[in-house]
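Engineer: Below you'll find the structure I mean.
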Amino acid sequence: MQCEEAHVLVLYTGGTIGMKYIDGVYQPEANYLLHAIRDLSLLNDDDYVSTYYSDAEIRPYCLPPLQHSKKRVVYWMIEYDPLLDSSDMTFDDWIHIGKDIQRAYDQYVGFVILHGTDTLAYTACALSFMLENVRKPIVITGAQIPVCEVRSDGRENLIGALIIAANYDIPEVTVYFNNKLFRGNRTVKIDNRSMDAFESPNMLPIAYMDVDIKVNYDSIFRSPSMAPFVVHDQLCRNVGLLRIFPSMSIENVRASLQAPIEGVVLQTFGAGNMPSHRTDIIDELKKAVDRGCIIINCSQCVRGQVDIHYLTGKVLYDMGIIPGSDMTAEAALTKLSYVLSKDCWELVEKKAMMVKNIRGELTVAKAEPLKDLEIVSQMARFLHLSSSHEMKLLCHAIFPQLLCYAASNGDIEMLKALHENGVDLSVVDYNGRNALHVAASAGHVGAVKYLLTQGVSFHLRDQWDENALVSAVKMKNKILIETLRSAGALLSINSRRLGVELCLCASYGDTETLNSWLAAGADINQQDYNGETALHIAVKSRNKQLVHYLLDRDADPYKIDDFNLTPLRHAKKLNLQDLVIRMKKMKKVQ
């Protein structure tokens, strides 16, 4: 019996991870990695693929069964031509990757990008900004040693990235390396010889791959927008880096600030300081700001952030140079490129966006939780709990129930109060349902909209393989369906089950539920396990009103079922001449 599957798309752009050892050096070779993985048992269960995908036009790969997971991770790989050394990566390559993800976004639960390590952090930062309203995991990884070597971090990195992309609700661009998952726009390469090549200096990893996989769900950045996923494929090329150093020549500074430069990342000493006696440099910076150039002040230090409470840092701030908080140089540069390319924003808006935390790229002061939830302390006293570990387990047990209770009642104020007290709105209950499932099932439009603005996932499937959109369909709530669809939600159930649902509606003559399925994006000609469509059932039931309803919505009278019968043939056999006449006038659906 075929297992439940999680489908992942892998984009192989190049890099050490897929190289071959030739004449004493590692070299990229077209199609080498694709063929090599096919024979690596840790990366591909060939028996499973041969059993269930023998007739597939493009055969996928499949990870061996994972401990504590019922899903099989099935993945397809696209190899770029030519394979790119990461040192050759350009803005156009970032756009290429983004567009590839956009084209395949609805077909996969997550994405993995195989990339060379040298500019991997730049690509991760760029994609984090270009990919707007992301609600699926996009994991970038690479290697210090190729996948096919006996000693290889590439093999473990690829497996870990696939597991994250297939199984975890981490809807942002991340970097996976050496058993740690980092936010993409917080990552820097720190070592070219160690397996610990990457670090996130100002933020703890989102997840650790130890004996157990530990995810810090509170640190995940979730899109606050209700808009659907889109790729912003324009980037401003007129940006640069200006690193301050002692006795720097004014000509060097002037050259870095001249038009057509529109944005500069100024890398200063310590907490954002530069020589206070260098009025010539300050004058050049002021001229650039006055002509509309956006300058971001970032520290040359690996850790820490810009502090405008020092005199020289305050001077820069007062002249209009924007403090970059704890952004990395890679994040600041790619964010500048992204923000400057937004022609719909005025200069003031662009500057405001550079200060704002738009993808989790910088640290902003967080309000402390208003108070500890009284129910937690009361239950802890009742159960005689005292240790922090016991309290944590208690919170994990009751928070999902509190969230689902609030969602089922449409209690937005309670949802807000829970969120303000540090509760992760994306947690799931014992049925694998999140608050969005529950709010949609109860028909609470306001609660659904609030949860969407807090980044709660509508892609998440419960133990019945249903997402929030399916819950809304069952409620027959048109407004809810439109709300979720406009945010990018798609039906989660498989095609055969969808066919059964449509045929069941037809057997009852239930046009209201049919309307809901169609509004949610269902194909009116979807077939059930016998190959029958809703139109087959309607004709066989002699329900002429329903037949006309379905034909008005492009149902195909020529669709052949497993018994080689069409709705038209059924109508002829039942002598329903008026239906036969109408069906013959219709064209066959391609």
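Heads up, the Cβ atoms here are built off N, Cα and C, so glycines get one too.
A quick note: this is a predicted structure, and the numbers were derived from the prediction, not measured.
Residues or ranges marked as active site, O-isoaspartyl threonine intermediate by Swiss-Prot: Thr16. Annotation source Swiss-Prot lists region 'Asparaginase' at 44-351. The feature substrate binding site is assigned by Swiss-Prot to Asp85, Ser86, Ser87, Thr117, Asp118. As annotated by Swiss-Prot, repeat 'ANK 1' applies to 398-427. For 431-460, the entry in Swiss-Prot reads repeat 'ANK 2'. The repeat 'ANK 4' feature in Swiss-Prot is assigned to 530-559; the stated evidence is a curator's inference.
Can you walk me through where each of these features ends up in the structure?
Structural biologist: Every protein chain considered, the tally of other Cβ atoms within 10 Å of the Cβ of Thr16 (active site, O-isoaspartyl threonine intermediate) stands at 24. DSSP gives Thr16 (active site, O-isoaspartyl threonine intermediate) a helix state.
For the recorded site, Thr117 (substrate binding site), the DSSP three-state label reads coil.
Remote same-chain partners of the repeat 'ANK 2' (431-460), defined as residues 6 or more beyond its termini with a Cβ less than 8 Å from a stretch Cβ, comprise 109, 135-136, 169, 171, 221-226, 403-404, 406-412, 415-416, 419, 425, 466-469, 471-472, 474-475, 477, 479-480, 483-484, 487-489, 492.
Using a Cβ-Cβ cut-off under 8 Å and counting only residues 6 or more beyond its ends in the same chain, the repeat 'ANK 4' (530-559) has close neighbours at 499, 502-503, 505-507, 509, 511, 514, 518, 524, 565-568, 570-571, 574, 576, 578-579, 582-583, 586, 588-589.
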Engineer: DSSP three-state call for Ser86 (substrate binding site): helix, strand or coil?
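Structural biologist: SS state of Ser86 (substrate binding site) = helix.
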Engineer: Once near-sequence residues are set aside, which residues in the chain of Ser86 (substrate binding site), 6 or more away, have Cβ atoms under 8 Å from its Cβ?
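Structural biologist: Expected: Gly14, Gly15, His115, Gly116, Thr117, Asp118, Thr119, Leu120, Thr123, Gly142.
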Engineer: Given the substrate binding site residues Asp85, Ser86, Ser87, Thr117, Asp118 in the record, what is the largest Cα to Cα distance, rounded to whole Å?
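Structural biologist: Overall maximum Cα spacing for these binding residues reaches 9 Å.
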Engineer: Whole-number answer please: how many Å between the C-alpha atoms of Asp85 (substrate binding site) and Thr16 (active site, O-isoaspartyl threonine intermediate)?
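Structural biologist: Roughly 8 Å, rounded to the nearest whole number.
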Engineer: Excluding Asp85, Ser86, Ser87, Thr117, Asp118 themselves, which residues in that chain have a Cβ inside 8 Å of the centre of the Cβ atoms defining the substrate site?
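Structural biologist: Apart from Asp85, Ser86, Ser87, Thr117, Asp118, the close residues are Gly15, Asp88, Met89, Gly116, Thr119, Leu120.
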Engineer: By a simple count, how many Cβ atoms lie within 10 Å of the Cβ of Ser87 (substrate binding site), its own Cβ left out?
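Structural biologist: Around the Cβ of Ser87 (substrate binding site), 8 other Cβ atoms lie within 10 Å.
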Engineer: Restricting attention to the region 'Asparaginase' (44-351), give the mean pLDDT.
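Structural biologist: Looking only at the region 'Asparaginase' (44-351), pLDDT averages out to 95.
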